[in-house]
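Q: Here it is: the structure, laid out below.
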Amino acid sequence: MQTFTAVVPAAGRGSRMQANMPKQYLPLGDKTIIEHTLTRLLAHPQIEKIVVVIAADDHHFSSLPLASHPKIEVTIGGPERAISVLNGLSCVETDWVLVHDAARPCITLADLDTLVSAIDQGEDGAILAIPVKDTMKRADISNRIELTVERGHLWHALTPQMFPTQQLADAIDAGLAQSIVLTDEASAMELAGFKPLLITGRADNIKVTQPEDLALAAFILQQQERA
Ligand SMILES: Nc1ccn([C@@H]2O[C@H](COP(=O)(O)OP(=O)(O)OP(=O)(O)O)[C@@H](O)[C@H]2O)c(=O)n1
Ligand SMILES: C[C@](O)(CO)[C@H](O)COP(=O)(O)O
């Protein structure tokens with residue numbers, strides 16, 4: 001059975017959350033957001049190691065019981081998510097890597113399996129995503145509708161995103177060298193000429209980003225645990 005490494009970017013400040021600590025350490029039921037995320041990833045038999053990428057001044061992670069888990073390694077992130085991911089990739093020894101936001105605690109084993117089973121479709125890699133359901137508008141500078149975007153082939157990119165490790169590291173390096181804003185791993189791979197596969201994932205794999213997301217994530221986790 002092929003095994004992989006997961007890289008979990010967790011070096012953000014969570015500013016949009018407006019909380020008194022980085023959002024990945026906010027409580028969600030019986031444990032923190034990041035502990036839910038890591039517990040989900042650790043449950044997948046093909047994930048042999050998780051590299052958690054934390055901020056240089058992070059004093060939270062070391063106090064978590066999972067910090068001493070044998071499959072968990074920690075490294076230091078950077079000022080942008082892409083730099084944090086690149087630092088995490090330097091700790092990866094497997095041919096393939098799965099990158100998943102610490103702020104997405106509702107990832108399911110079934111979705112992880114679906115993504116992992118897609119990697120035999122080539123080196124372009126794959127990401128979990130959900131087709132856009134709402135009508136999409138592009139705004140002008142005064143926040144008035146400029147146009148309606150054709151949503152036929154529009155998707156929300158989620159994580160995990162899964163790629164050959166070296167190709168991803170080279171692609172992020174190249175994108176950063178061109179000062180291109182890389183908000184996910186797929187955008188770096190696209191820039192390098194790859195065409196990653198979009199794999200339909202669950203819409204409840206939300207990224208906890210703003211205050212109202214916390215209660216929603218708690219409800220989703222509760223519903224998943226009852227299923
Ligand atoms: N320099 C950064 C910025 C973000 N992240 C991580 O990338 C994930 C997704 O980023 P986002 O939701 O934007 O988190 P923050 O950057 O913390 O949020 P904000 O933009 O509101 O500050 C999070 O798990 C976050 O910890 C990271 O590792 N390094
Ligand atoms: C990687 C990501 O979660 C895919 O949707 C998203 O791009 C992260 O963006 P953020 O602004 O760093 O939260």
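From the backbone N, Cα and C atoms, a Cβ is placed for every residue, glycine too.
Caution: TrEMBL annotation is automatic and unverified by curators.
Sharing the features that TrEMBL gives for it:
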- Arg16: site 'Transition state stabilizer' (SITE)
- Lys23: site 'Transition state stabilizer' (SITE)
- Arg151: site 'Positions MEP for the nucleophilic attack' (SITE)
- Lys207: site 'Positions MEP for the nucleophilic attack' (SITE)
Q: How far is it from Arg16 (site 'Transition state stabilizer') to Lys23 (site 'Transition state stabilizer'), counting Cα to Cα, in Å?
A: 9
Q: Which one of the recorded sites (Lys23, Arg151) has its C-beta surrounded by the most other C-beta atoms within 10 angstroms?
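A: In terms of Cβ crowding, the pick is Lys23.
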Q: Whole-number Å distance between the CA of Arg151 (site 'Positions MEP for the nucleophilic attack') and the CA of Lys23 (site 'Transition state stabilizer')?
A: 31
Q: Of all the recorded sites here, Arg16, Lys207, which one's CB has the most other CB atoms within 10 A?
A: Lys207
Q: With respect to ligand 1, which members of the recorded sites Arg16, Arg151, Lys207 satisfy a Cβ distance under 6 angstroms to one of its atoms?
A: Arg16, Lys207
Q: Measure from the CA atom of Lys207 (site 'Positions MEP for the nucleophilic attack') to the CA atom of Lys23 (site 'Transition state stabilizer') and give the result in Å, rounded to a whole number.
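A: Between the Cα atoms of Lys23 (site 'Transition state stabilizer') and Lys207 (site 'Positions MEP for the nucleophilic attack'), the distance comes to 11 Å.
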Q: Arg16, Lys23, Arg151: which of these recorded sites put a Cβ within less than 6 Å of any ligand 2 atom?
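A: Correct list: empty, so none.
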